[in-house]
Amino acid sequence: MRVLGIETSCDETGIAIFDDQKGILSHQLYSQVKLHADYGGVVPELASRDHVRKTIPLIQAALQEAGLDKDGIDGIAYTAGPGLVGAILVGATIGRSLAMAWNKPAIAVHHMEGHLLAPMLEERAPEFPFVALLVSGGHSMLVRVDGIGSYQLLGESIDDAAGEAFDKTAKLMGLDYPGGPLLSRLAEKGTTGRFHFPRPMTDRPGLDMSFSGLKTFAANTIAANGDDEQTRADIARAFEDAVVDTLAIKCRRALKETGLKRLVVAGGVSANRHLRAQLAELMESLKGKVFYPRTEYCTDNGAMIAYAGMQRLKAGVFEPLAVKAVPRWPLDTLDPV
């Protein structure tokens with residue numbers, strides 16, 4: 001069985017084909033980074049228009065890469081939310097239209113479920129149950145996962161997501177868009193301990209997170225200490241240390257509360273090397289295991305959507321004729337399969 005996956009929830013157009021016996025047969029990805037760079041962030045209208053231009057050519061390229069035509073596809077999965085509603089509608093409309101034209105089932109996929117399941121594409125895949133840390137530009141949450149669709153929200157960011165805080169702080173430091181990865185690179189040149197940022201919400205019980213205050217703290221630190229290259233690197237290091245420490249503390253608590261020994265980390269920020277190293281140390285100390293998707297599946301992509309869609313299609317879960325697009329969609333409202 002093969003599923004075509006379509007991802008257009010923000011500023012990446014991702015198309016992939018997943019085979020339940022052979023794995024990923026094709027993977028096409030187009031990033032809009034250059035399009036949005038001059039604006040310092042994603043412009044929703046421009047994102048939607050670019051998805052219109054790129055989605056169908058990438059579908060054609062994915063089919064060609066896999067050596068398939070429409071008869072070789074058993075279902076079409078598309079991101080139905082959460083995300084930018086205009087961008088979502090592009091992929092959802094194309095996916096639903098192709099499903100109708102090709103007489104195939106269409107599967108509406110939750111974007112964050114796609115991220116959560118991305119490590120399942122690896123040879124070393126996690127077994128249920130596990131705790132998932134989902135960290136991206138739009139979301140930061142801890143979830144207990146007992147099976148596909150069986151999700152319990154343990155905690156989430158009450159303001160900025162971790163990735164959003166990275167990008168906003170990078171912008172304050174004059175780094176180009178998208179600034180998060182550039183800030184991390186700058187932090188590698190920094191000295192630990194010169195500056196100390198708070199670890200938000202770690203001095204109280206609970207698993208919710210907050211990162212917006214770190215951006216303000218960074219702005220004040222920059223204003224008070226100048227912006228020579230080494231100072232900027234030291235501030236970047238202090239900021240990254242604060243975010244990573246906070247996430248690690250919350251993961252430790254979540255694992256303790258649930259009694260689980262497996263941790264899945266997914267989403268764009270999961271590619272951060274400092275975060276990976278610290279969580280590896282954490283899980284070693286707990287005699288547990290940590291799982292990640294490969295780097296190319298950390299950011300938005302069609303492979304995770306194709307995989308998630310396959311699991312729901314196998315369970316007989318697919319959409320009626322209507323196009324589904326949900327800009328706000330709590331992960332823990334999904335039905336288990």
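The backbone N, Cα and C atoms fix where each Cβ goes, and this holds for glycine too.
Now, the feature entries from Swiss-Prot:
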BINDING   His111, His115, Asp300  Fe cation binding site
BINDING   Leu134, Val135, Ser136, Gly137, Gly138, Asp167, Gly180, Asn272  substrate binding site
### Query
Non-local Cβ contacts of Leu134 (substrate binding site) (under 8 Å, 6 or more apart, same chain)?
Met112, His115, Leu116, Ser140, Met141, Leu142, Val143, Ala266, Gly267
#### Entry: Val135 (substrate binding site), number of other Cβ atoms within 10 Å
28
### Message
Roughly how many Å lie between the Cα atoms of Gly138 (substrate binding site) and His111 (Fe cation binding site), rounded to a whole value?
### Response
11
## Note on the structure
CA pair Gly137 (substrate binding site) / His111 (Fe cation binding site), Å rounded to integer, equals 13
### Summary
Taking the centre of the Cβ atoms of His111, His115, Asp300 as the Fe cation site, the remaining residues of that chain with Cβ inside 8 Å are Glu7, Ser9, Thr79, Gly83, Met112, Gly114, Ser136, Gly267, Asn301, Met304, Ile305
### Task
Taking the Cβ of Ser136 (substrate binding site) as the reference point, list residues of the same chain whose Cβ is under 8 angstroms away and which are at least six residues distant in sequence.
His115, Ala161, Ala162, Gly163, Gly267, Gly268, Val269
### Query
At the Cα level, what's the spacing in Å between Asp300 (Fe cation binding site) and Gly180 (substrate binding site), rounded?
15
### Query
Fewest neighbouring Cβ atoms within 10 Å: which of the binding-site residues His111, His115?
His111
### Summary
Pairwise CA distances across Leu134, Val135, Ser136, Gly137, Gly138, Asp167, Gly180, Asn272 (listed as binding substrate) top out, in Å, at 17
### Query
What Cα-Cα separation, expressed in whole Å, is found between His111 (Fe cation binding site) and Gly180 (substrate binding site)?
21
### Query
Are there residues of the same chain, six or more positions away from Asn272 (substrate binding site), whose CB falls under 8 angstroms from its CB, and which are they?
Ser184, Glu240, Val244
